[in-house]
Structure formats: C-alpha cells, structure tokens
Amino acid sequence: MAYLLKGVSILGASPTDLYIADGVISDKPVDGAEVIDAAGLVALPGLVDVHTHLREPGREDAETVDTGSRAAALGGYTAVCAMANTSPVADTAGVVEQVWRLGREAGLVDVQPIGAVTVGLAGKQMAELGAMATSAANVRIFSDDGFCVADPKLMRRALEYVKAFDGVIAQHAEEPRLTEGAQMHEGEVSTRLGLTGWPAVAEEAIIARDVLLAEHVGSRLHVCHVSTAGSVEVLRQAKARGVRVTAEVTPHHLLLTDELAAGYDPVFKVNPPLRTRKDVEALRRALLDGVIDVVATDHAPHAVQDKECEWSYARPGMLGLETALPIVLSVFGPQWDLIADRMSIAPARIAGLDGHGGDLTKAGTPANLTLVDPSVQRVVDPAELASRSRNTPYAGMTLPGRIVATFLRGEATVLDGKAVK
Ligand SMILES: NC(=O)N[C@@H](CC(=O)O)C(=O)O
Ligand SMILES: [Zn+2]
C-alpha cells in the first residue's frame, strides 16, 4: 500500500506532501497512492517506548501482547520494549523469543523484549544474558524492573557482562531496605495520611551507586522512571563526567503529585511514587535540558481486583501508552523537535532499534511515523481505551492532541484514530 499525506507538517514545519511507498519515505510521487488529507496534522517519527509492561505470558487478564500493541499503536507508538516481569519471568531465550514472536503475530508495533538481569527477578543469580542477546529476540536491554538489582556485586557483573555486546542494564532504582512497607512518597502528605513513605533518597542512593559502577566498568546504565529532583542532580553530575548513563521520566511523574494520594484512590498508587511539585518541576527542566533523555510510559496495566481495593493492597502502576503524547503535549506544548527526540529518536537509540526514530524529510527512511492532530481536545474515557485494563489516572481529564494515524514500515496500523486490525 502507498500513501500520500497531503499538506502534512513534518515536526511543525510548513505543509508539504509526504509519500510513503514500499515501506519507506519516498521523494517522488507514487501512482495510485491513497490520499490522506493531512492539512493541520503533524507528522512525528513513530514513538518508541523503552518501558512497557505487556503482562504476557502470565497475566493475560490484565494485558496481552496483542491488546498492549493495539494500545501502543493508538498512542502513536511504532515500537515498545516489553519489560521482563512476566510469569514466567523473561529470563531465558525461550521466553523472550515467545514475547518477540507474539509481537510479530500482533503486527501493530515492533515488540522488543527486555530480558531479566537475574533468574526469576530474585536478585541472586545472573540470568543467561548472552543466550537472550543471541536469541531471535536480539535482546539489548536487561532489567529486573519491578525490583532493584540491589546487590552491588551482581550489578557490577551484569554491567561487565553486557559491555561485550554494548547492552545496557536498566535499573529500577530503589534501595529495598529504605522502602520496606512503603505506600507512597515520604513527606508531608504521607505523614498526614499515616502511610509509610518511600523516601527520595532510596532512589537517589542507588542511582549514585550505579553511575559509579557504570563509570568504573565503562558500561551502559539506563535509569528507569526517575522521579526526584535529587536524582536529576546525581545524573547531571554523572553526565558531566562522561558516564555512559541515560535516564527516563514517565508522563505521570511530569504531571501528577503526591497530593493525589489524599483520596486513597489506588489508581494513583505507582512505583516510584508520585512526588512533590518541586520534583515535577525539576523533572520537566531535566527533560528540556537533556539530563533526562527520554519519556517512557511505564505502562502498567492491572486487573480490576488488583487495583479497585484498599490502597495498601493495591498493586502499583498505571496505564500510559494511550495518553503519553497528550500528557507531554499538555506539559510542554507543541515543541515538536523536543517531543520527537525524547519520545522517538533518543529511545530508539537507547534500545538499538534501527529503523525507528528516523528523519522523515529523507527519502528511504523507514516509514515508521505517526500523524497527530494537535488542535483536538479530548476527554479521557477509560471505557474507550484499547488496553485490557482500566487503571488510568487521567479519567475525565481533557487533554490536547489526537493520534489520527500510525504507520509501521509503511503499513497503516491506525487510520482515522482507529486500529486497522
Ligand atoms: N511502576 C509500577 O508501579 N509497577 C510496575 C513495575 C515497575 O515499573 O516498577 C508493574 O509491573 O506493575
Ligand atoms: Zn520500575
């Protein structure tokens, strides 16, 4: 199928005609191309998420590779990295290949499996990182996300191991002794609500340790869901010294604060927890100045019984794929170059996903892109989400931006705001 995006604005530039044929951007008119009236629409390189929980295998009641892929495409994504905290854990070549194959079958986004760092995410014994790296899934990112690789010797060995093939360890930075029993951010609000707090230093201490380990080994570290102003300062110093560290921030940490816990609605329970206004502002500045490299959703679907219960019993995590771009647009406005870099180009580079995050003005670039209508305001209705779960913290909120179409290697996965298959 060939397409002509008529009058499209590439990253906010003046309107032009963009042709897609044979899976790539074409610089000459293509006969018989299907014409899409793209006046007023902005083309972005397809979004790439380095932190998605797809829940398959094991919790198909919360999400599957298929439903999660659909949510991703509808959110403007063309690639997602699937976290390893499934059941069984993605700690062998067999499981990562299964997830990779399910992604291919769904065919809506490129699903790039992340492998566990330790067997069963138990933090005791290194998983077979090499076998996962050389498997069909071609794993490059390893993470025990959900848990921190707390043992410094294991962390060091993992960093050393992946250096051989330029892999990266993505750390969920949480010193477990400092977060025992934690229910929310430790501060004024937790004191008032009588909930045990997760102190900012539990995150910052691990990041400080890990940038030193990464520096010592000369290997690549990626920090998941950075949530505090202090973490930003640790990262700023490490980057200034040339440490090979990258970092992500979630849409919810860019917008929401710990005050939301006051209603005890578990939809706002997440790890790391929502922090303070001061943290939110520091994270926004860090994304703007590049100390934080990417926006990652940490899309964390949960079944109703795991979320609609008493706060302390509820699982942490919130949906993200279908609302990420609207949230980022609402926070930063139409800064298209920034959005393209932090949500597509930089994440594709971190994940080693060639073909994503390409230059849409160049002929021959793989046609992975999304078309956004920034003029539309939409109310988030959980019932309309493609995800199998409903735990969005944005229900009822009016957000800017509608994903009109998404293309994966030149094939439409979303047209007119609807998934094609
Ligand atoms: N973010 C969360 O609160 N939960 C994630 C795990 C994680 O990303 O730490 C999950 O798998 O549900
Ligand atoms: Zn995590």
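Residue 1 is the first one shown; counting continues down the chain.
Cβ from N, Cα, C; glycine included.
Note: TrEMBL annotation is automatic and uncurated.
Features reported for this protein in TrEMBL:
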ACT_SITE  ASP298  active site
BINDING   HIS51, HIS53, ASP145, ASP298  Zn(2+) 1 binding site
BINDING   HIS53, LEU54, ARG55, ASN85, ASN271, HIS302, PRO316, GLY317  substrate binding site
BINDING   ASP145, HIS172, HIS225  Zn(2+) 2 binding site
DOMAIN    42-229  domain 'Dihydroorotase catalytic'
From the Cα of HIS302 (substrate binding site) across to the Cα of HIS225 (Zn(2+) 2 binding site), what is the distance in angstrom?
18
Within 10 Å of each Cβ, count the other Cβ atoms, then let me know which of the recorded positions ASP145, ASP298 comes out lowest.
ASP145
Can you tell me the CA-to-CA distance separating GLY317 (substrate binding site) and ASP298 (active site), as a whole number of Å?
8
Under 8 Å Cβ-Cβ from ASN85 (substrate binding site), six or more apart in the same chain: what's there?
HIS53, ALA116, LEU121, ASP144, ASP145, GLY146, PHE147
Pairwise CA distance, ARG55 (substrate binding site) versus ASP298 (active site), rounded so that it is a whole Å:
12
About how far apart, in whole Å, are the alpha carbons (Cα) of PRO316 (substrate binding site) and the residue listed as 'active site'?
11
If you measure ASN271 (substrate binding site) to ASP298 (active site) at Cα, how many Å is it?
10
Chain-internal residues near LEU54 (substrate binding site), provided their CB is under 8 angstroms and they sit 6+ positions away:
GLU63, THR64, VAL65, GLY68, SER69, VAL80, ALA82, MET83, THR86, VAL99, VAL111
Cα of HIS172 (Zn(2+) 2 binding site) to Cα of HIS51 (Zn(2+) 1 binding site): how many Å, rounded?
11
Suppose the Zn(2+) 1 site is HIS51, HIS53, ASP145, ASP298. Which further residues of the same chain have a Cβ inside 8 angstroms of that site's Cβ centroid?
THR52, MET83, GLY146, CYS224, HIS225, ALA296, THR297, HIS299, ALA300
In angstrom units, rounded to an integer, how far apart are the Cα atoms of HIS302 (substrate binding site) and HIS51 (Zn(2+) 1 binding site)?
16
